[in-house]
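Just below is one structure, and these are the notes that go with it.
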Amino acid sequence: MPVTDFEFKEKYRYKNGFGSYVETEAVPGALPVGYNSPQQPPHGLYAEKLSGTAFTAPRHENQQTWCYRVLPSCTHPPFEEDLEGPFNLTKPYSPASLRIIPNQLRWDPFDHDDQTDFVTGLRLIAGAGDPTLKQGIGMYIYAAGKSMNSHSAFYSADGDLLIVAQDGVLDIRTELGWLLVRPMEICVIPRGIKYQVHLPSGPVRGYALEIYQGHFTLPELGPIGSNCLANARDFQAPLACFSEDFGATAASGPNSYSITAKFNNGLFVTKQNHTPFDVVAWHGNYYPYKYDLGRFNTIGTISFDHPDPSIFTVLSAFSDHPGTAVADFVIFPPRWLVAEDTFRPPWYHRNTMSEFMGLIEGVYDAKKGGSGGFMPGGASLHNVMSGHGPDAESCEGARNAELKPMLVGKGSCAFMFESYLMVGVTEWGLKTCRKVQSAYNEHSWNGVKVHWKRPEGASTDGHLLK
Ligand SMILES: O=C(O)Cc1cc(O)ccc1O
Ligand SMILES: [Fe+2]
C-alpha cells in the first residue's frame, strides 16, 4: 500500500509524471517566456543549462533543464581532492580494486552510524565498470546519523543515483526543489544535480545504485498493455524552491558554502560564498524524482508456474542491446500467489545477469529471516552464473505446502539490482564492514535434500536396462 503518513508542507508539493516536461517557478514571472536565454533573464537571474544527454541525442532520449538562478554554478575557486575524506575507496579509484568473485555472498544488516552524514556515510559495496568511460554501475550502502551541514551540497558527476530508503526518512533539498523520501519510497538524483540530505526523524540507513551510463526509464509493458507495474503518473518531481544568501551579503561570511563532488569515485571539495540552492525557476525534463513503492501495481500468474522476476521491474537502465539492462531495479512487494501445481518460490537458477538484493522490511519468501538469515538492512549478491535459490527450509515448505490462494510478503518488500555486468566487491564490502555471513552457503543449501527416486528399470548410469 502507498505510504500515507506524511505531514503536509508547502515544500512537499510535486509535479506528477515520469519523464514529463516540467515548468516551475517559485516567483511569478521568473521563467522567461519563449526564450531560454534572453539578454537579461527576468528578475536579474542568470540562465544556466544543465544537460543530461549529449546535445545531439535523439529527441526521445534528450534530457536537459534550464535553471534561472541568482548566480551561475561556475563561481567558485578550484576543487581540491578530499584525500582524507571518509569515502571508502582506494585513491585514485580503480575498477581493478574490486574483487570479482563467483561466491554467493550475504551480509547481516549494515551498522548504523551516528557520526556520519549522507555523504560521509556512503559506502561503495560493489560495482562494475568505470565512471571515466561512462560505463558500469556502483552499488552503495548508506548509514547516517546527522543531517548534512546547511551550508554544504553534494553532487555526483559519475552517474544517476537511485536511493532506496530502508530505515529513516531523508528530506532532500535539491537545486530543483525538495523531495521527502521515506522507507518504501525511492528517489533518483540525476548526475550533476546538487543536493543536501536532512534527517528529520533521526538516523537513516539504506541502499543506492548508481548508473555510470544512461538514465532510468520505465520498462516496456508489451502485451501487459498501457498500465500496471510502475505507472508514469506516480513519479513525482519537486517544485522550484530557493534561498537567498550570496556574495558580500552572505549571512555567514565569505566562502562558507562547501560543495563536494563525487568525480571518478573520489571526492573533491570547493568553497563558495553563495548558496547553491538559489534556483528560482526551472524548466526541462532532467530532474530528480521520487516514487512510492506502495503504488506499484504488481502482477503475476493466475494459472501456473513462477514467472521471471522482470514482471516486478520498477525502473530499468537500458543498455544499447534491447531487453538487456545495465541495471534493473526490481521489487518483491506483497502479492497473492494462486499458481496451481507449482513450486511457488523462485526456482533454483543460474543467471547470466548479476543479482544484488536488499530487504526493506519483513521476510523474503525464499529465504529464512531472523538472525543469520536475510534480514532488513542486510544484502546478498549472486554474481553471474552463481547458482542460488530457496534455502533448504523454504524449499521443503514450498514442496509440501497446500496450494490455496496465499498472500505472501505481507508487510515485506525485498528488492534487486539486476545487471548484465559481472559485479566486483570492494574491500569494505568483503572485509571492513564485517557483515559477510561466512556460513551463508552451508546454512542455506547444505540441507537441500535429495528427492530423486530411481524408477524401476532405470540403471544407475543413465541407460535404460533392457
Ligand atoms: O534470486 C532471487 O531470489 C531473485 C529472483 C526472484 C524470482 O522470483 C525469480 C528469479 C530471481 O532471481
Ligand atoms: Fe536470483
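For all residues, glycine too, the Cβ spot is worked out from N, Cα and C.
In TrEMBL this protein carries:
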- 13-293: domain 'Homogentisate 1,2-dioxygenase N-terminal' (DOMAIN)
- 295-451: domain 'Homogentisate 1,2-dioxygenase C-terminal' (DOMAIN)
- His306: active site, proton acceptor (ACT_SITE)
- His349, Glu355, His388: Fe cation binding site (BINDING)
- Tyr364, His388: homogentisate binding site (BINDING)
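Residues Glu355, taken from the recorded positions His306, Glu355, Tyr364, are distinguished by a CB atom under 6 angstroms from ligand 2. The Cβ of Tyr364 (homogentisate binding site) lies under 8 Å from the Cβ of Phe332, Met357, Phe374, Gly409, Ser412, Ala414, each of these being in the same chain and 6 or more residues away along the sequence. A Cα-Cα distance of 18 Å separates Glu355 (Fe cation binding site) from the residue listed as 'active site, proton acceptor'. When the alpha carbons of His349 (Fe cation binding site) and the residue listed as 'active site, proton acceptor' are compared, the span between them is 12 angstrom.
One way to see the shell of the Fe cation site is to take the Cβ centroid of His349, Glu355, His388; the remaining same-chain residues with a Cβ within 8 Å of it are Pro346, Arg350, Asn351, His382, Ser386, Gly387, Gly389. Cβ neighbour counts within 10 Å, taken over all protein chains shown, single out His388 as the most crowded of the recorded positions His306, His349, His388.
Counting only the Cα atoms, the space from His388 (Fe cation binding site) to the residue listed as 'active site, proton acceptor' is about 16 angstrom. Glu355 (Fe cation binding site) has a Cβ environment of 22 other Cβ atoms inside 10 Å. Secondary structure at His349 (Fe cation binding site), as computed by DSSP, is strand. Under the three-state DSSP scheme, His306 (active site, proton acceptor) falls in the coil class. Residues belonging to the domain 'Homogentisate 1,2-dioxygenase C-terminal' (295-451) score a mean pLDDT of 97 in the model.
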